[in-house]
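After the structure tokens below, expect a handful of questions from me.
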């Protein structure tokens, strides 16, 4: 078998454990020096490949790899860029030009559904060109929406952070209950799927009086009147109501809540679903309203990782290299659930082309019939994924993520005109 | 000396360590059974006293106290209510009626500047009535604005949470840098003071390229043009800019940024300073914009407490009981800084009346000359306050705050008509 170099790239939004996969890829590749030469990482994802902007990871010693695996964000940078299929192969040609210039025989692409599509298409493009390349994906997304895997690395840690946040904010707001009634709304990521919103239901642990009292997900059409009636019922019973809102909830006509126009002169109200929902409640029911938008905080909380999520991110990174060395082209390692309690899982192989551009949504069994909460079945599915903590080194009270030895690879090609 | 009961009450916004003070008060009071009989806690703060709505903390065994000290939010409830001075003593009369009915000889009031004022006024009212009451305050506020103490329990944990959040979000946004430029804005609490905003500067640890690149505080007037010029400078250098905004920043005319009217027809833009600043940058400079609003999350993050803050919350709770038993009336225990590195502190005594309704702001030496960041001196002051972590028990991946034995005290008086 040939010996060649491996190129790793992040794609799309990053997570708290994306670097755990990167570190596992590097370690697994180093363990097979007879097959893999250098391990490069693209700076800023696929755009870095096009720009021939690569890091040589040989600068990472064991200490640096230990820091890398626990560091949130994408250590090498990422980007949102889809390889176009209608540019006369211009972008794809450039990718292979860079692969050839740096003797890349393995391409490991860490991303979501769109990136798995890219893995399948690069496999096909390599075959058309008779270029010796093995393409393997590494699943990653806080949205948990990749088809073909029981869960996605990155989701468990974001889910743990958000469930913890709702638990703690729930204790806060419960202590501030007044005669007027108050609501707390937390807006979480999820344009098309409610996995992260559903995760906050773990905070209540089955207690109907505990936060969150309402969970709004994109899979259930938003019914304003039914929602407000439930807010009122909860608030009259408890004095307050805590609500999780996925950013992508929509009205029956398909419009996003964030686009709601409330002014009689028709101006479009700015802001996201969280503030819109909080203001709607305030205007219609008169309650005191607060809203939280964790935004990037929910996907970068390295100080509060799920140990299960981290272990799975490591496992899929390592498995990707093993799959590549075994000649599995155009695939990605997937997580398979073997049991719920105790939670058991292993890693299987999924075809990247089969699932590309699909999107896994919450199944109907995970939604309460009225669309205003999720079921015990949803909690039972998510609970194991947030399990366990990961100790982080700290310095002066903050996580000590340290510095990374980012060594650039000398360019061999002429510049790329984007 | 007389033996009588002690009444404890939370006041105002709660913190992640307010219950640590409560648990310390209960423990310290129990250690002196010859002087203190029962330890009651008012349900929902002073409103619970008026309503004769009290808990008997004898139901807390050692395990329950151990859970209490690590639980965020106000375990007994809190409220925002100032004892009026213009109601013909109606409210004050009722308070003393309740004190008398339950043999309250010690009142321990946990709150901020306004509560210290109440402590002083209740002391005076007791003397006027010749009612045998010792009133002692316990300082608490995430805003860190109480005069007479070097810092306020509750601040350190919120500061640690926000600095960690900025550190982690900064790694996330740095990895997503694109050609267009992007900004991340985090809005933090602080209507009149910038202590929490300043704390996020610890994330950069002196690195001018690290987040946050700009810190806006209420103590510095917001200059839109100077601010946007700095955002542009940072973004052109790094590709992105991370900004902390205190909710209470104001324009030269004194108006809050959240009240800005941008529509030519004059509608008032809703939403807080964070989204307003993010949108301002997007509209004026065209950058991609994200904003986070941690809201209650920043003051309830029990999973990521500052060990120093927790220890200080315990110390002031215990000291309040000792002060009361020593006959110090109308005072509160204050934190005194004895050294920066290593950080050393002790507890002193401050007169509640002297500081009432004052507000401690960031001193000029903590503000950079251009008003767009804070100084190393500010970081040196805050750094020790976020030091150390506190282990929390977890269950299924979430902090296990457990349940509390909340035992109501039978009423002895006729109902109070609010």
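Sequential numbering from 1, following the chain as shown.
Just so you know, glycine gets a Cβ as well, placed from its N, Cα and C.
If you look up TrEMBL, you'll see A:143 marked as active site, proton acceptor. If you look up TrEMBL, you'll see A:13 marked as diphosphate binding site. Sequence annotations record features per position, and here TrEMBL assigns Mg(2+) binding site to A:113. Residues or ranges marked as substrate binding site in TrEMBL: A:141, A:142, A:143, A:189, A:190, A:191, A:247, A:296, A:297, A:298, A:299. Feature annotation from TrEMBL assigns domain 'Phosphofructokinase' to A:8-323. Per TrEMBL, the feature site 'Important for catalytic activity' maps to A:140.
Surface or core, plus neighbours and distances: that's what I need for these features.
In sequence order, A:112, A:152, A:155, A:189, A:190, A:191, A:192, A:193, A:195, A:196 make up the list of same-chain residues 6 or more apart from residue A:143 (active site, proton acceptor) whose Cβ falls under 8 Å from its Cβ.
A coil conformation is recorded for residue A:13 (diphosphate binding site) in the three-state DSSP classification, outside any helix or strand. Taking a C-beta cut-off of under 8 Å and a sequence gap of six or more, residue A:13 (diphosphate binding site) has these contacts in its own chain: A:78, A:80, A:112, A:141, A:142, A:299.
Here the Cβ of residue A:113 (Mg(2+) binding site) has 24 other Cβ atoms within 10 Å, regardless of which shown protein chain they belong to.
In the three-state DSSP scheme, residue A:247 (substrate binding site) is classed as coil.
According to its DSSP assignment, residue A:140 (site 'Important for catalytic activity') is coil. The C-beta environment of residue A:140 (site 'Important for catalytic activity'), restricted to residues of the same chain at least 6 apart in sequence and closer than 8 Å, consists of A:10, A:12, A:15, A:18, A:21, A:110, A:111, A:112, A:152, A:153, A:154, A:313.
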What does DSSP call residue A:190 (substrate binding site) in the simple three-state scheme?
coil
Fill in the CA-CA distance, residue A:247 (substrate binding site) to residue A:113 (Mg(2+) binding site), as an integer in Å.
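With distance taken Cα to Cα, residue A:113 (Mg(2+) binding site) is 19 Å from residue A:247 (substrate binding site).
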Does anything in the same chain, at least 6 positions from residue A:297 (substrate binding site), have a Cβ under 8 Å from its Cβ, and if so what?
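Residue A:297 (substrate binding site) has long-range Cβ partners A:161.
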Taking each of A:13, A:140, A:299 in turn, which of these recorded positions have a Cβ less than 8 Å away from a Cβ in chain B?
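Correct list, in sequence order: A:13, A:299.
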What does DSSP assign residue A:113 (Mg(2+) binding site), in three states?
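It is helical.
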Inside 10 Å of the Cβ of residue A:299 (substrate binding site), count up the other Cβ atoms and send me the figure.
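Around residue A:299 (substrate binding site), other Cβ atoms within 10 Å: 29.
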Mean pLDDT for the domain 'Phosphofructokinase' (A:8-323), rounded to an integer?
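Residues in the domain 'Phosphofructokinase' (A:8-323) carry a mean pLDDT of 94 in this prediction.
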Tell me the coarse DSSP state (helix, strand, coil) of residue A:297 (substrate binding site).
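In the DSSP reduction, residue A:297 (substrate binding site) maps to helix.
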